[in-house]
Each structure stands twice: as C-alpha cells, then as structure tokens.
C-alpha cells in the first residue's frame, strides 16, 4: 500500500483550458488517477490555483508550474508513505506548501495528488471510492440541483443571477430524479425554441438564451416543468445561484453590470426584499450566494428573514473553508454550505468542512466547477458524506453526465439501502 510513484501532467478541461492530472502508483502496481476542476466565478478567499502566466502558451493559463511542483517537490516527499494515511499525506503537503492559500505549490497541484491517493487506496482495498471515504454508513443518494438556465458570468444573457436550477425533490430515487430532470431539460429546450430563443448550451450544459430577465427565466422553467408533466413546488423545486459578489460594489448590488439600463441598483436591504419577493412568488427553496461574500451583515439579515423557509447556501462566503464556516455559524449567516474540493485544495480539508457543517445543522451541497473533466470523484464524495445534494450541471455535456452516470452506478450498488436525499434534509 506504499506509494511508489507520483506523476502529474497537463491535460485540458471542458473549456479547453489546461488543468492538472495526477497518477499515484502503489508498490503493488495499483494506480489512482485524478484530475482537477477550475471555476469561472471564484471567491476571493479561495485556495490559489497556480497558473503559469506565460502569454505565449495557452494565453497564460498553462499549469506546467503546478505539474512540476507535483513531480519535483511533492512526489519525493510522499514516496514511501502509506496510501491509507490520507490525513497524514494531506497535512504533509500543506506543511510543504506553508501558506494559508496554497500559493507556493498551488491548490491544483495538492488537490490532484490528494484525490489520486484516495483513489489508489480505495483500489488497493478493493472498495468503491464512496465506501472508502465514507465508511459503512454511506447510504444517502443526493438530490441533483440541475443548472438548466445560465446567466451572469456563465452566459451572455442580460440576467445578473448566474444559475437557475431544478431540484426534483418529489422523486422516489436518484434514478427517477435524474429522469425527471432530463425530461424538464428537454421540455425547456422546446419552450425556448418555440419563442425563437437560442438553445446553445453554456459551460455547465444549461441554456443561455436572451431572456427578458430573472422572472422570465423562472417562468420559462415553470412552463417546462408543467410541459414535462410535473407539478412545480411539489415534484420539482427551483434553486438559484445569485453569485451576487459578482455585481456587488461599495455596498450596492448593481444589476446594471449584467442587465444594462434595465438593471436596478439595490442596497442590502432592498436585495433581501427582492429575494423574499421571489421566494413568495415562485417555488424556490434554495438560494446560493444571495448576498456578497463581504456583506456579512446582509447575510445575517437574509438568514433571519427567510432562513426558516429557504436553504441559503454559502459558496463565495465560505469557500469550503472551516475558518469562514465557523465565522458564519457564529454570526448566524446562511444555513448551508457549497462544497467544492478545489476551493480548499485537499480531500481532508473538504471532509473537515462537511463534518463541521453537519455538526452545526447546516446542509451541504457537493459541487462541480464550470471547468470540469471526465473525473467523477465528486459523485463519490457526495454519497460518502451523506451530503444529500449535488450540483453538477445540466443534462448535457459528457463532463457533467460523468457524475450523474457514476451516481446511477452507486445507487444500483447500494440497492435497497439507498435513501434519496431530500427525505433526510427536509
């Protein structure tokens, strides 16, 4: 079970940008392979993704430095260590880096090794990855949060909010939830086509049509849910990612950044009123980053106002980091945390954040990034931690389907023991 070889390489992600892939080979010849995702809209407190900055190569986005850090600095340190010592390996890499944001070696270097080690160890023990990470009490299949309309930084549509998601909460199983989501996705395509709108898909496989605004997007989704034969608010709920840090400046939520002259400028109080108005009008039960990552007071007020009837997910606010999550718990900000492995940069720290959240009654949403690969590790992490929710894009693009298909396999393997997540978190 000892590590014999670690090899990193530069590969391309779903956006055609370079990312890091790592192979960890054990003495027995068993290998674990992992590749690292990357985000388009990133929280300012995220762990650092090391890019080369050489404009002559991939427009400066190369990751050869991170690859070299794995091959020349991390590998010599870890070779000979037991692959079963995940915490020891992760903390050895953190010590080797020596910074809070992993800016020396790069979170993309450390994470690639961390995930590949876990995969190698699981293979060595002949266990599925979710079982190795989570132990014997892993049984909750996540409710998918499917991003079917893109706005904000993920599209050219004049809508400030970044994602409009469907949550098939009324399904009896993950398999059926996935089917419901796919049917709504195809119904939405027809709704948009009938209006002469674009059905081209964005980074995460959702549509990015030139809609009139937020309410138009929500009404289009409701029309699609009904057209697919489901009841909005019962079978399928709606979730939104406002990504409001992207349009927050000097205490003002400035919608004109994405919506042009039609967009409003709102104070924190007005932003809270607006979000409350939307959840009263539409079947929305989850809002991510409704307030800016730096507006802690706004977050507290939003949580006091609607936290009892809506899941309020902190993404940029918490960046999968226990220090920021602890602050949020203490101040009463949000009631849920988005979990992105590359925001923090190691498996151990990811699991620490999930454990802290669950211990304090916060829900967790395991999440992809907009730049993904065929690596489906987050599907296993969602089940391993009984997260109950996963956000991994729309119902198109193989980089998104890889995660959904892995969840289908896991549910099949769990058989009658599998519980579809929403029953647990409602």
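In case you wondered, yes, glycine gets a Cβ from its N, Cα and C as well.
Keep in mind that what you see is a predicted model, and the values were worked out from it rather than measured.
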Practice problem: From the candidates 331, 391, give the one listed by Swiss-Prot for the same (2R)-2-phosphoglycerate site as 162, 340, 369, 370. | Solution: 391
Quiz item: Say Swiss-Prot lists 288, 315 as binding Mg(2+): which of 235, 241, 250, 375 is in the same site, per that record?
Solution: 241
Self-check item: Rounded distance in angstrom between the Cα atoms of residue 391 ((2R)-2-phosphoglycerate binding site) and residue 340 (active site, proton acceptor)
Solution: 10
Quiz item: Between the recorded positions 162, 204, 369, 370, which lies closest to residue 241 (Mg(2+) binding site), Cα to Cα?
Solution: 162
Quiz item: Of 162, 288, 315, 340, 369, 370, which recorded positions are close to residue 204 (active site, proton donor), meaning a Cα within 10 Å of its Cα?
Solution: 369, 370
